[in-house]
Amino acid sequence: IFFRRSVRILVQNLNSSSQNYTMTSYLKGVLKDFSNLVLQGDPNGAQVMKLDGVSHPHLLAVDPGAHHRGGYMGAMNKENPYGAAVAQTQHNQTKVAYQQMPQVTQNSTSDEGTGQRLQSPHDLKLSDFDIGKRMGHGKYGSVYLARERRTRFICALKVLKKKELLNDGVEHQLQREIEIQTNVRHKHVLRLYAYFHDATRIYLVLEFAEKGELYGHLQKMTRFEEPLAAKFVYQLAEALYYLHNKNIIHRDIKPENLLVDHKGNLKIADFGWSVHAPGRRRQTLCGTLDYLPPEMVEQRTYNCTADIWCLGVLCYEFLVGKPPFEAEGQQATYANIIAVNYTFPFNFPPGAQDLVSRLLVKDARKRLSIQEILEHPWIQQHKDTEKCL
């Protein structure tokens, strides 16, 4: 089994004031004054659960064989969140829910004309949700399948422990994640609908991606067929084009941070390492070891072209089943990245080889642009394939 090695090293936090999103006083209230908090026990994932003293009915029959590789800040990880007996029923509810979910941000409670309304984030509380089984967990909390009781909208509820965030000094990352994700709207970016908090935890109400984490599918299939790989690269490039136009660098593109919806389309998730940096280059080393671009490894400044490098690594891994610079030991992997030392298997598709070789370029200025990726012949050949997971 291939276990990805992750490196999360904060070298320097430059230009934190460059973000032009302004936190509301509400969110500042969520994150301040952690010192007196007392952490309660974690939910145990039982079918009939109690979460922070709120009892919930046996709502969702979830595949008990689910597993989670572990992820930063509890990213979702679930191949099939439904047991066979309720799969079709819940799938139909999900399709309806996607049409009915209100658009909820800090300043909006309307639903884009569907006739449904969800409480303001200021008013939401845990008892407003029926909680299903845990879909994933990480150091700072867990993600649960959930349903908002009044609208019956199915969502993912990310539950984060304030005390753990404070102890590790990463509350600013959650703040940045919320700032960015509540201000983006794209079909290939996971929606953050709302957030609320209580004495010990912060709750993020997220779009539910029925087919779960892409990494699980890649592990199961070993590698993706050429049309499916190209389709996923195209969808991801579309999302990055949107984000980069908003001066947002994701900085942690990898299969674990990509989710798949009920139609088999990709959703970028986990914006904990993302940054809004208009007109400025960054110098923070962050992300996953095998996906780090040379400029990060060498601690040079970088910009949104770091995401383009990651897209090249991702395309390679889709088609081979492992990242191109994988080696025995961290230093050997670093050396391969800096030297751009990798090889293509004999059966690697020629069109994909042309694309990857023009993305994995040490000089960031010479990498293909997102627009050029979208227009690449290999992408154009397969982007509309009906292949899906």
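Each residue, glycine too, has its Cβ placed from N, Cα and C.
Under the heading active site, proton acceptor, TrEMBL lists ASP252. Under the heading ATP binding site, TrEMBL lists LYS139, LYS158, GLU207, PHE208, ALA209, GLU256, ASN257, ASP270. Feature annotation from TrEMBL assigns SUMO2 cross-link to LYS254. Among the features that TrEMBL reports, domain 'Protein kinase' is placed at 129-379.
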Subject >> Lowest local Cβ density (other Cβ within 10 Å) among recorded positions: LYS139, LYS158, LYS254 >> reply: LYS139
Subject >> Residue pair LYS254 (SUMO2 cross-link), LYS139 (ATP binding site) - Cα distance, angstrom, rounded >> reply: 19
Subject >> Separation of alpha carbons, ASP252 (active site, proton acceptor) and PHE208 (ATP binding site) (Å) >> reply: 20
Original post:
Going by DSSP, is PHE208 (ATP binding site) part of a helix, a strand, or coil?
Top reply: coil
Original post:
Where does ASP270 (ATP binding site) sit in the DSSP three-state scheme?
Top reply: coil
Subject >> GLU256 (ATP binding site) CB neighbourhood, other CB atoms within 10 A >> reply: 24
Original post:
Using Cα coordinates, what distance in whole Å links LYS139 (ATP binding site) and ASP252 (active site, proton acceptor)?
Top reply: 17
Original post:
Given the model, what does the mean pLDDT over the domain 'Protein kinase' (129-379) come out as?
Top reply: 90
Original post:
Counting every protein chain present, what is the number of Cβ atoms, excluding its own, within 10 Å of the Cβ of GLU207 (ATP binding site)?
Top reply: 20
Subject >> Local backbone state of LYS139 (ATP binding site), from DSSP in three classes >> reply: coil
Original post:
What's the CA-CA gap between ALA209 (ATP binding site) and the residue listed as 'active site, proton acceptor' in angstrom, rounded?
Top reply: 19
**OP:** List the Cα distance (Å, whole number) between ASP270 (ATP binding site) and ASP252 (active site, proton acceptor).
**Re:** 8
**OP:** Grab the ATP binding residues from the record (LYS139, LYS158, GLU207, PHE208, ALA209, GLU256, ASN257, ASP270) and give me their largest CA-CA distance in Å.
**Re:** 21
